[in-house]
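Marked as domain 'Major facilitator superfamily (MFS) profile' by TrEMBL: 26-336. Residues or ranges marked as transmembrane segment in TrEMBL: 115-139, 151-174, 186-202, 236-259, 279-298.
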């Protein structure tokens, strides 16, 4: 389908167009990138004590290696998301994942604590591309409706699974490598490499094709500043976006706090070692899959038979009911 305006011609790929990668690979790659984003934050959790011993720093300073990575993870989407809407998804993924490879290797080889923290921040910043751009990639590939809802659920599940599996993987790697925390960073390199190769063979999914004329680059430069400040304006002026942001932030904070508190209780009070304590975190995955099932059930029950016959999809606002249920259950779980 082609649309015309007084500015430029836009070519939008239809779902039947073979140039649009509506296939398993198109959904798997952004999910893996999102998985990688939060895996890098949690995989170092069991190695904090070893970082303290290696760099001769206190626990508070050693914990910065996780905190500063998370800070980079939070600031990256403010840059990558607007760029991907202007220049395309693939050309944001490629340099970002390449940078993750470089800075993860730098963190693994760092001999100075300051350099280690800088590499961790940059790794988190560039690794956030999976969360920042992955949702847009899923929306590009799948048509609005049940297919997109299911694909989006898998995309949301990936970073939460990584948060839970990261400490377990890190604990067992530390055991195998005799408390060498650097192997947790080499693990990030080994996981990033196949993801990078997948992006090499992945086509561009953004459906808009600006014209290739002399004014094209100037048009993009003019639009870029607005793309950067628009997320900030929406965050502080749109109460729906602000509410969802606070809700998501609190959910991530609850999961992160659960890592430290559960492992501390299991190790100090019950005599577990690091590997056994990390296995206790796997109980969170039960809740993740229950949430996925709840969303799928709500998706099916809230769409009437008449709307299905007319080909209509569930209104976005109706999906907020899942958040209401999840918020109540989260409060009950915290008190329990």
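Glycine residues also receive a Cβ, built from the backbone N, Cα and C atoms like all the rest.
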Do any residues of this chain, six or more beyond the ends of the transmembrane segment (186-202), have a C-beta under 8 angstroms from a C-beta of it, and if so which?
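Same-chain contacts beyond the flanks: 21, 25-26, 28-29, 32-33, 36, 39-40, 43, 90, 93-94, 97-98, 100-101, 104-105, 107-108, 123, 169-170, 173.
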Take a look at 151-174, 236-259, 279-298 and tell me which one has the most Cβ pairs under 8 Å to the transmembrane segment (115-139).
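Comparing 151-174, 236-259, 279-298 against the transmembrane segment (115-139), the winner is 151-174.
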